[in-house]
Every structure is written in C-alpha cells, then in structure tokens.
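Asks: Mind having a look at this structure? Questions to follow.
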Amino acid sequence: MKVILASASQRRQELLIRLCDEFDIMVSDFDEEKVVFKNSIDEYVQNIALGKAMDIKEKLKEDAIIISADTIVTLDDKILGKPKDEEDAFNMIKLLQGRSHKVYSGVVVINTKKDLILKNSVATEVVFSKMNDNEIRKYIETKEPLDKAGAYGIQGIGGIFVEEIRGCYYNVVGLPLNKLKTMLEEAI
C-alpha cells in the first residue's frame, strides 16, 4: 500500500527514509491555528497532526498509509512554535538558553483501507547551555532557526548549544522514529 508523508519538512522526509523505502509527499493545507489548546500539550500536538492527516485523507482517491506529525517546544508551560521573524527567534533562544525545556511531537498514522487512526505523542527534555547575545545573533544569521519550533535545529548548528537531552533525539528533530515504527507496525 502507498505511504504518504503529510509534510513539507525536509527533516521529516530524511528521517522517514530510515523506516520506508518508498513514500510520497503531500503537503497539507490544514490551518494549525484552528486547533485550540485546552488542557494537554500531548493532546494539542496530536490534534494538529490529526488535522494535517485528515486533510490529506480527504484529498486521496486511493487507499494509503498517511503519516503526519507536529512538533512544538515548551518552556514553563508556554508554547514556542516557529519564530515569526529574527527578533522572535532571538527572544525564543534567549528564553531557552541556560535552561531545560521540552519538545513534544504529535504523530498520527492513518490506514485508509482499515479506516484505522492511530495517535500518539512523545516528549523529550532538552537542556540548553548558556549563550550570550552575540552567540545568539550569530546563530540567527545562519537562518537555521527561522523555520523550526523553538528557533533551533538540534541536527544542525543549533546542536552545539544542547548540553543534554533526555528522551528521543529524533523527536527533537521532528519525527520520533521509534514511536512511529511501532505505530506503522500496528497500522499495517
């Protein structure tokens, strides 16, 4: 059966290759702003991922396995999504530096043939080293932080500022592979 990744993220595409030899990419038009945060961060990221997957499901004319994900960063119960601009990125990194934060990914796998929907989430704790304003600005000049939740990429230059991680590394990159592997085995 065809596998579809509902994401434009290059990082997610690179990670999924480790689990699937072949897959197609379809980018969802789902408006993440429609999802309202209620009580649980886990539920919130799962609902965003579900919205993306359902958007793709509605567009399909054939059966498929659909994979979608959403990743956010939280600090002191505040959600840090992708920065709006360089100043927003600076402020996010300034908040994170020298502290511990959590990265949450919601993952959804849909088997349209079985009409099966699996939802899950993974949380990883990340500790950032202390950084001065000059280090933060130099990092932002690379443009790496601008399209990433929490304004950093652990798999890129941003990784040099990570002091410690507790949990799934791939979750911080954007696709928790171990959890996804288990979900795919259940879906197929």
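Glycine residues also receive a Cβ, built from the backbone N, Cα and C atoms like all the rest.
What Swiss-Prot shows for this protein is this:
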SITE      Arg11  site 'Important for substrate specificity'
ACT_SITE  Asp70  active site, proton acceptor
SITE      Thr71  site 'Important for substrate specificity'
SITE      Gln155  site 'Important for substrate specificity'
Asks: Cβ distance under 8 Å to Asp70 (active site, proton acceptor), same chain, sequence separation 6 or more: which residues?
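Replies: Correct list: Glu32, Val45, Ile48, Ala49, Lys52, Ser105, Gly106.
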Asks: Quick one: pull the CA-CA distance for Gln155 (site 'Important for substrate specificity') versus Arg11 (site 'Important for substrate specificity'), whole Å only.
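Replies: Each residue's Cα considered, Gln155 (site 'Important for substrate specificity') and Arg11 (site 'Important for substrate specificity') end up 9 Å apart.
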Asks: Measuring Cα to Cα, how many angstrom lie between Arg11 (site 'Important for substrate specificity') and Thr71 (site 'Important for substrate specificity')?
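Replies: The separation of the Cα atoms works out to 12 Å.
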Asks: May I ask you to report the DSSP-based helix, strand or coil state of Thr71 (site 'Important for substrate specificity')?
Replies: strand
Asks: Given the recorded sites Thr71, Gln155, and counting only Cβ atoms in the protein chains shown, which has the most within 10 Å of its Cβ?
Replies: Thr71
Asks: Name the secondary structure element type, per DSSP in three states, that contains Gln155 (site 'Important for substrate specificity').
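Replies: The three-state answer is coil.
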Asks: Would you count the other CB atoms within 10 A of the CB of Arg11 (site 'Important for substrate specificity'), including those on all shown protein chains?
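Replies: I count 19 other Cβ atoms within 10 Å of it.
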